[in-house]
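In what follows, a single structure is set out as structure tokens and then discussed.
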Amino acid sequence: MGLPSQVLACAILGLLYQHASGGLIKRIIRQKRETGLNVTLPEDNQPVVFNHVYNIKLPVGSLCSVDLDTASGDADLKAEIEPVKNYEEHTVNEGNQIVFTHRINIPRRACGCAAAPDIKDLLSRLEELEGLVSSLREQCASGAGCCPNSQTAEGRLDTAPYCSGHGNYSTEICGCVCEPGWKGPNCSEPACPRNCLNRGLCVRGKCICEEGFTGEDCSQAACPSDCNDQGKCVDGVCVCFEGYTGPDCGEELCPHGCGIHGRCVGGRCVCHEGFTGEDCNEPLCPNNCHNRGRCVDNECVCDEGYTGEDCGELICPNDCFDRGRCINGTCFCEEGYTGEDCGELTCPNNCNGNGRCENGLCVCHEGFVGDDCSQKRCPKDCNNRGHCVDGRCVCHEGYLGEDCGELRCPNDCHNRGRCINGQCVCDEGFIGEDCGELRCPNDCHNRGRCVNGQCECHEGFIGEDCGELRCPNDCNSHGRCVNGQCVCDEGYTGEDCGELRCPNDCHNRGRCVEGRCVCDNGFMGEDCGELSCPNDCHQHGRCVDGRCVCHEGFTGEDCRERSCPNDCNNVGRCVEGRCVCEEGYMGIDCSDVSPPTELTVTNVTDKTVNLEWKHENLVNEYLVTYVPTSSGGLDLQFTVPGNQTSATIHELEPGVEYFIRVFAILKNKKSIPVSARVATYLPAPEGLKFKSVRETSVQVEWDPLSISFDGWELVFRNMQKKDDNGDITSSLKRPETSYMQPGLAPGQQYNVSLHIVKNNTRGPGLSRVITTKLDAPSQIEAKDVTDTTALITWSKPLAEIEGIELTYGPKDVPGDRTTIDLSEDENQYSIGNLRPHTEYEVTLISRRGDMESDPAKEVFVTDLDAPRNLKRVSQTDNSITLEWKNSHANIDNYRIKFAPISGGDHTELTVPKGNQATTRATLTGLRPGTEYGIGVTAVRQDRESAPATINAGTDLDNPKDLEVSDPTETTLSLRWRRPVAKFDRYRLTYVSPSGKKNEMEIPVDSTSFILRGLDAGTEYTISLVAEKGRHKSKPTTIKGSTEEEPELGNLSVSETGWDGFQLTWTAADGAYENFVIQVQQSDNPEETWNITVPGGQHSVNVTGLKANTPYNVTLYGVIRGYRTKPLYVETTTGAHPEVGELTVSDITPESFNLSWTTTNGDFDAFTIEIIDSNRLLEPMEFNISGNSRTAHISGLSPSTDFIVYLYGISHGFRTQAISAAATTEAEPEVDNLLVSDATPDGFRLSWTADDGVFDSFVLKIRDTKRKSDPLELIVPGHERTHDITGLKEGTEYEIELYGVSSGRRSQPINSVATTVVGSPKGISFSDITENSATVSWTPPRSRVDSYRVSYVPITGGTPNVVTVDGSKTRTKLVKLVPGVDYNVNIISVKGFEESEPISGILKTALDSPSGLVVMNITDSEALATWQPAIAAVDNYIVSYSSEDEPEVTQMVSGNTVEYDLNGLRPATEYTLRVHAVKDAQKSETLSTQFTTGLDAPKDLSATEVQSETAVITWRPPRAPVTDYLLTYESIDGRVKEVILDPETTSYTLTELSPSTQYTVKLQALSRSMRSKMIQTVFTTTGLLYPYPKDCSQALLNGEVTSGLYTIYLNGDRTQPLQVFCDMAEDGGGWIVFLRRQNGKEDFYRNWKNYVAGFGDPKDEFWIGLENLHKISSQGQYELRVDLRDRGETAYAVYDKFSVGDAKTRYRLRVDGYSGTAGDSMTYHNGRSFSTFDKDNDSAITNCALSYKGAFWYKNCHRVNLMGRYGDNNHSQGVNWFHWKGHEYSIQFAEMKLRPSSFRNLEGRRKRA
């Protein structure tokens, strides 16, 4: 902006020079800026054209450095005169004009950063610059006006023509200057610019152009596609930016051309075949290397795995190890080898898929054998009891199983059991040799027949095993059958449980009919246990012990009659429960006297007051009381006859407020009063004058008064305001006679009045008028300061002014000053032609008529100028050398800032200024292969210039520490450290001594590599280079040698056997990975197999060979997959071993001895197999050591023929079997086992046997149910009887007996015996009550089926019998009589057997009272009642206690059934207990719990009563509480409730209505308990705005905290609206209607949501279009937008803001911008609101749908505050274009509004 300002200043100085009166200060008259294009004004000379070409240095953020001396294409452009306004003049001379022409061109391809935020900000500022330059206009060259014959005159024009409201009157041209779209002398005719040049229609002052034309006046020819934003439109023809071409600039040019070997498509070269590169000038290699390599100097450098001139041939892995041929990359291996590289030995028939091949030998899977794993193997070789067919055993007769190892059972046990050694072990429920028969449970207990496993029971028995007795009628399904007797369910009785039982047998007070009691007269209840009341108390009371306890409001024996409260106090009649009061009385119980009403105060003087009132009833007299409202006053009273309704109070004190009450008196009883307040009059003050007058304050003085009064009230009223909103009232104490009034508005006229105040009453006032001083502009700030320019901004004065005077100049040169006169609407001015690094002072003064403000000053310093012509001189892999031209300013040094472009921390470097015209610096310690962004600034002290920028990169660094390790005969291992720089790949080159060169690429992530296929013992030269694109690092080179091949020899054979031998050889330690041995039959070469052994082993045992067979052996070593030359040896195996003769001796019934001989060879083991000749027993097999020649065989069956087989085993070889026959001897027997003399714990056994045969007998005894360990006894061989003791009672036992002779057992004999049932023992009684008891006993040792318990009174009677299950040891005896002795007997029963009985004596307890009830409970008292015991008792013991109080015990008479409980604590839970006492007996205790009532809080009162708040206080109750319920009700019936914490003893009521009476009620709560309510009454004071219509009025009411408030639209109490008020920002009083801060709320919503509003006002929200319309239609409002992002803040304020109604689709009106965020909202002015489902924008597309938001979109937006939160994509996020652009989503945004009139300081001060 500096250049236009300089040229303009020069032109005006030349024009005005002859009229200047001299002096250093030149005054420039500057009119109000207006937006638009250049303005043409008349001039006597030829047109003067200012043609400006701007050289734009892009900011450092763009990382571009481009100097544009001229803009391409501008030379052919001609400036056209396009005035934006019409001027009606007497003379028009288009040749006499000053024309300002500005052409600013930023070629699009000047750098690739046109979309950067800094560039957008630059463009925005250039647009603003053009607007400012185009708005400059000068007055006529002479001092006279432009009117014909006008003369030079002084003064001002007080009245100017209206210009129809569409223009401003100009004294220079003596006519109206019309706004765009209007013309005519008075600007009353709509017009378009240049009448649209007849190329379009004029509609409301705007041109709608025909097709092919555009511009405001249709003067421009339209270009196709608007040149696609890639060119300028000149006369309808696109002049394309560099890099673009075509009629619409839609085609991109290729940057370097494509030569003759390609064509340009879409900005990129498409090369002809055989050429490549950006410009198609690089020839390709043959077939483009088949994409398997890189083309270097027209030769293919093939990728790994490929070779050939064009990389068209595949390389085979490891060159097939020279064991095959390589064809097209695939190895075709020689016979005996396989694998991808022929590196593996093959196996015979590939092991037939039944094994794995390891170095040529098959390792067979489980189940397969043979050299090629072709034979299936049978499990355990079928145990020689079958033969193997295809891997499966075919078993001999009598054997089965997978390996023929099991004996077979008869009929396979019919699948009903397990086969163990050929015998069936049957499953449960089956019996027989082959488990073919079903077994019945417990053999039916011999009480039925077993048919197919099921019992058919005899009569009288039931159950699965007939073990249960059957009950009559099966107990009718109402009980359990226990040993034939019914145990009835609850509620049933009778032998077969067929009868219903009544509760408690109806207490003998009624009849039991089908289980329900029919009570006798006078009794009631389910069990007739309660006394009945007359008529059931008519449902108006409770029946207690036969008497009605009536509810409140009812009376009489049966509670039928209604009662009246307090019997109407004998001054009324009770009619159906309601009092009809006598005349003069009122209230629900006629206790109140009717009060007087409508007390009126008239004729107030300084000493008297007249009173009048109304009263409809006749009373005896009236009592009038009056007392001063101040403390300490005397309360006076007098009476008035009952026939009068007026009175006069005399002898009052002047200026005192009195509280007056009038009571009605009837029969010495007072009514409630009617009251009024009145104050006597006060005198007026004197001598009001003003001592000091400032902008916002005035010093006031006045004369003192001698009378008694409280203080002064000083009122300042703004005379420009018609209502009372401009009043500022100050209350002063009595001694004061002066006051400094602050908070006034500057330049305002005030009416000042002074009043005397006494007892809150204001006397007559004394008034004067004063005008405050003008205020100066504030918040002066110098912005956008450069080395030659600065933008001065300020806040407008609060006072109404006519203009502002701006003066600026160097601070240290007082005489060098420039003064500018500005209009009152200006708030900024741009200063140019400043000197770099110079301190300037700016002064601003407000003016209105003859009034002038004090000056406001600001100081700023211009910037340093930046260094120039920054360039790179040289670079290495860690440094860059720079050079630049020095700055003009005298600086301290230069600061270099640099950082990698890819991101990272930046580094700073300070460099001294060079002595020559340039300065050079080297940046060191840089990262290799990295491009840096570099900026250089000039620095002086703490100031820094704008940067000069450049991009420069370092070279790639080479790989580090390359070394060779682990060399072998054919490989070398390489290791190195990665370069620091980022790169694409490595290139490895190695050269042999013969000069053969090999090259390959290595992946970028590698740090090691193995060179394979090298020659043994050879030295190689190796180089490694890092590459990135076409860039290469310096090479890293090293030399390495392969190892020599180790030797192998001395193969020999030793320890030759019939099936194998041992091999040994010599080799270097650690030289070989493994050795491979090939063994081959000499006479059968097909019989060959391989053995692999580890490289550290130099001998091996070869086994599994054929006996007496010659073999050839071959051995070779393996080194890293490479085989050495083989070694050979031959050998022959020995002959097979044989077994001789087998002999049997020493035969017994169960054993014999074996012996045998051998004839040839050594044996590992012998196997003996013994089979009975009938094949009935399972064969036995024994393995004997190879050194043994004898064996003892035992465990045989007596009298059995056996065949014995024996064969030898040597090295897995089994010889032919030899055999012998043997027969075992017979064994003795035992017989006739008998049982006798059974007792509860034992019995006697007897048996027969041959004498002298047995050494002893063995008895085994075990209970049949296997519940205890078996008992085993040994009896001498001469005995034939034995007594068994220590057994369980009533238990069945199994008995087994066998004889033992010489250690051998005879066949056993078996029997069954049962012990006798035992009696129970240890009878005892527990849980004894008045009608029941529990009897317990100790059971006999054995389990019984049941117990029979009988009990009968000792005095005689019918016994009761109870049958108890045998598993129980206790039962409950019921239906007992209190205090009676019973004889109790118990018998054990098992089956049909019964034990002896046991007996005991039982005494029942006393019965207790019943029906304990606590009633009439208060907070300190209660009444306990109960039903008496059935038995006669002596006394009742009553006791009660709580958790914190000791127990209180009281004895009352046995005839008493109630007791009064006194002295209780409130809200306390008590436990009440009652029991009966007779002699030494005590009944059970009857108890209940009750809780006393909660006592109420005390001393409820209202304090600190304000207009909208009041503090309620109280004292807590004695009892602990959980909450308080506070209810307050206004006089108009609005009720609110609040739950308060228990610790609270005060509460502040808010949101009250001013001047309103409230009734407050308080109730204490303790969980479900509530106390009685207490209440108080108070009246709120008045408010300035009882129903504020916006937040500004709430602020004036004294609310200073930001938060939620209720406003009332248009001040209407019936239209409340809750809003969020910002009471802090810019004076407060703002209604916030939009907030974005965290993205919690989704703003992509439909029309309905945006009309109604959504979100949380305390978080993210939208207030709603309808609410916004209603608020803004209340008056003139201003808009404020606050923006915050990462510590940065900005704001925009618009003086005028409104939103239309639904018919206009909520059209936006906004105008009058100021602020720091930039004017982005004006773009949206006049637009209707749009959502994705209601598109009201002017764009072709749906803006809301495209940008996922909603707004007053145009085409489309510059503001998108409802956009997607955090989305930085173009135009998608929360955008404010002029602050952060379209590609940045702002973190915080708020929109708010308040009345425009609120900006004056007076209103804000009044609030304070």
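Using N, Cα and C of the backbone, Cβ positions are placed for all residues, glycine too.
Looking at 118-142, 168-192, 418-442, the range annotated in Swiss-Prot as coiled coil turns out to be 118-142. For Cys373, the cysteine that Swiss-Prot lists as its disulphide partner among Cys364, Cys378, Cys382 is Cys364. Under DSSP, Cys254 (disulfide bond) is assigned to coil, being neither helix nor strand in the three-state scheme. In sequence order, Gly231, Cys233, Gly236, Val237, Cys238, Asp248 are the residues near Cys223 (disulfide bond), counting only same-chain partners six or more apart with C-beta under 8 A.
Separation of the C-alpha atoms of Cys249 (disulfide bond) and Cys481 (disulfide bond): 107 Å, rounded to the nearest whole number. Below 8 angstroms of C-beta separation, residues 504, 507, 509, 519, 522-523, 577, 1410-1411, 1413, 1415, 1425, 1427, 1457 of the same chain, each at least six residues beyond the ends of the domain 'EGF-like 13' (529-560), sit close to that stretch. When the Cα of Cys264 (disulfide bond) is compared against those of the disulfide-bonded residues Cys351, Cys440, Cys488, Cys506, Cys550, the shortest separation belongs to Cys351. In the domain 'EGF-like 13' (529-560), helix, strand and coil residues by DSSP number 6 helix, 12 strand, 14 coil. Cys351 (disulfide bond) falls within a helical segment according to DSSP. Note on the disulfide-bonded residues Cys240, Cys351, Cys502, Cys512, Cys559: the fewest other CB atoms within 10 A surround the CB of Cys512.
DSSP assigns Cys502 (disulfide bond) to coil, not to a helix or a strand.
If you measure from the Cα atom of Cys316 (disulfide bond) to that of Cys351 (disulfide bond), you get 27 Å. For Cys481 (disulfide bond), the nearest neighbour among the listed disulfide-bonded residues (Cys506, Cys512, Cys550), judged by C-alpha distance, is Cys512. Closest by Cα distance to Cys550 (disulfide bond), from the disulfide-bonded residues Cys326, Cys409, Cys419, Cys488, Cys512, is Cys512.
Between the CA atoms of Cys240 (disulfide bond) and Cys419 (disulfide bond) there is a gap of 103 Å. You'll find the Cα of Cys351 (disulfide bond) roughly 27 Å from the Cα of Cys326 (disulfide bond).
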